[in-house]
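Asks: Please read through the structure below; I'll follow up with questions.
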């Protein structure tokens, strides 16, 4: 192989990035029993394409949804009551801004 081949291969291959906190969190959740059956009731964090926490997290079994910060920590006062499935879009940034203005959240 020539140096040119290596350069071309190195430039065209996607580097493997390390897993993010969200991806480690998601992958650590046990979703199947030792027998291989799906476990109900387990909350599995949702990550975006870059491995960051999606601002709106929902628990599939309970129907509760809440907003999280960049570390996956629940933002106080953002948890919704159980819903069948989200039928309206919840804007976590707008919700946090409204609560901050009411003095419920501190930066």
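Positions of Cβ are set from backbone N, Cα and C atoms, glycine also.
As listed in TrEMBL for this protein:
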- 19-92: domain 'Thyroglobulin type-1' (DOMAIN)
- 58-65: disulfide bond (DISULFID)
Asks: With every protein chain in view, how many other Cβ atoms are within 10 Å of the Cβ of residue 58 (disulfide bond)?
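Replies: For residue 58 (disulfide bond), the count of other Cβ atoms within 10 Å is 19.
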Asks: Mind tallying the domain 'Thyroglobulin type-1' (19-92) by DSSP state, helix then strand then coil?
Replies: 9 helix, 12 strand, 53 coil
Asks: Given the model, what does the mean pLDDT over the domain 'Thyroglobulin type-1' (19-92) come out as?
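Replies: Across the domain 'Thyroglobulin type-1' (19-92), the average pLDDT comes out at 87.
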